[in-house]
């Protein structure tokens, strides 16, 4: 009987599958037993060929050689992981293998990882698909009992390949055109560039904002009710005319208050929906300051290593109905401290609330919301970051077993000397889910109002006036930028409802799986920088937006592309038609860059020369500190000159910055505290209760000096040679 070759995305997942299936015999890059051979990729083992593969003229970056539009993009084996590719190829093509099971991540990119390997290895055997939302033993066993036909996912592969090819044609051509035209390390991409444009638009709105002073008026009665004045026609509470505000204050002081209406209604507030990836990234950024990338990395460990949560790269906040039968088992798995009391209360509620609030088949596509698995966990085995995220997921899950909270809202309108006064009160009737230790932030309940009826009269105790100023739009942080990428129409001035509809249907720009990487690329390309939690666009970022074609800056364009990729998944559009249009668009981008008369100017040039090529270095703010990088795109030299560490200032407890090189390195704080590195290390030895040791400082420095590894794509490989990051999604 022929054996089944199973292709996993990573060694850790392959080991889990092998253990569950009883594959104990070790081979070269595989595990075998019970009729299965489990092998694994290391992420992408195959990628698109570099431009020079299609002609020697493309080896050197020259504007006149653009655009590069190979008729067909060819696949090549990635050199660094070629050994594993050949091991996988050998397994897949063994004569005793009759069927291949794709067990890579259940999503578009996971499909691409596997299918590119199968294509490059010339595998022509029948394909089955393991499609599971968690990697617990139970999920793996159940998944292998109901393997899907691989043909069912061929359109998913077509969409993934179309996305990668579009990024090659548009990204590489646009990046080479900008870089060679302006002799600067510039890159553009169909997701990266519109995301940068969203930040730039907010920056411009803040710059143009002119604050306006205003007053609000409060009136307190002798029985303790506080009313607020409002314009009778517009209902606006702010008064922008100083003279009018003073006149109103005097007018209200000389009047009695007559109640015009008292309205009471019940407000039902359900628990917040379960987490999808974006919502969890936003919450983790807001609560703990984690970057989107940090959250995704910790989630991936919770999913793969701990088997604690379901598939993380999901865009759904609901469960499918077939998961209802697993809810009791999941409750049992989280019946440990600190959730035990909440679990006991949840069990008393039964499943009625959970079904009503969590289950919605229409809002689940490939993957359901993030929830705990059926496998019991120990928080002690998790890192601090992992435990915090796990707690958020579990508490949100448990909250949905409880009914909505109920409160009574009372709104009162009154007249005083012809002016409208309003008061609001809120009384909690039933706590529902709010009565549990969910960890959610409760809305502050308004003060209670005494009983009142229409026609009641009240005496004025005092009339107060408060002054304020209108505020500019807030700066983006990583959490709010993720939200803007998900719903960019809310941040556009465009009145075209068709564009807004397209953005809504496409689910924004980028995907839940790629948005964190896009933000990281904006940092590593020095287009944005962080001050505190706020994001600022750099001079380089602003100039880039002046140099790229206007259409590439529009969120609508990339959203339209995402829609078309989804149509390819659904079988409603052909990949070839989409790619033909991407080639034409790449041509147009190059033509516009060539014709543009604008210039790029380095305004961060230092007096220090590059030790490798002699040109002056540029000073930039990286995500974790200041760096100096060579302005020459072919040199790529860079060094850290100041980096934010985890060490704390002994005076104000803020994070210290490590500056300088060699023996002259100094720790400095914004409060003015400074100490040499040697003194810092000596102080650490004397105080063992602190967290940073000499070894940790040195380890941290080494990590900071390592350049980030680029994604396995031809575009990324090209940009890596320049010290740039590509937009591969």
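Heads up, the Cβ atoms here are built off N, Cα and C, so glycines get one too.
The shown structure was predicted, so the numbers you read here are calculated from the model rather than taken from an experiment.
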187-192, 193-198, 199-204, 205-210 - the one Swiss-Prot records as region 'Interaction with DNA': 187-192
Those recorded positions listed as 61, 168, 311, and which of them has the most Cβ atoms within 10 Å of its own Cβ: 168
Cβ neighbour count within 10 Å of residue 176 (site 'Interaction with DNA'): 25
Which of 9, 105, the listed binding-site residues, has fewest other Cβ atoms within 10 Å: 9
Neighbouring C-beta atoms (10 Å sphere around the C-beta of residue 313 (site 'Interaction with DNA')): 23
DSSP state at residue 105 (Mg(2+) binding site), helix/strand/coil: coil
Per DSSP, three-state class assigned to residue 176 (site 'Interaction with DNA'): helix
Nearest of the recorded positions (9, 61, 105, 168, 176) to residue 313 (site 'Interaction with DNA'), judged by Cα-Cα distance: 105
Nearest of the recorded positions (9, 105, 168, 176, 311) to residue 61 (site 'Interaction with DNA') - Cα to Cα: 176
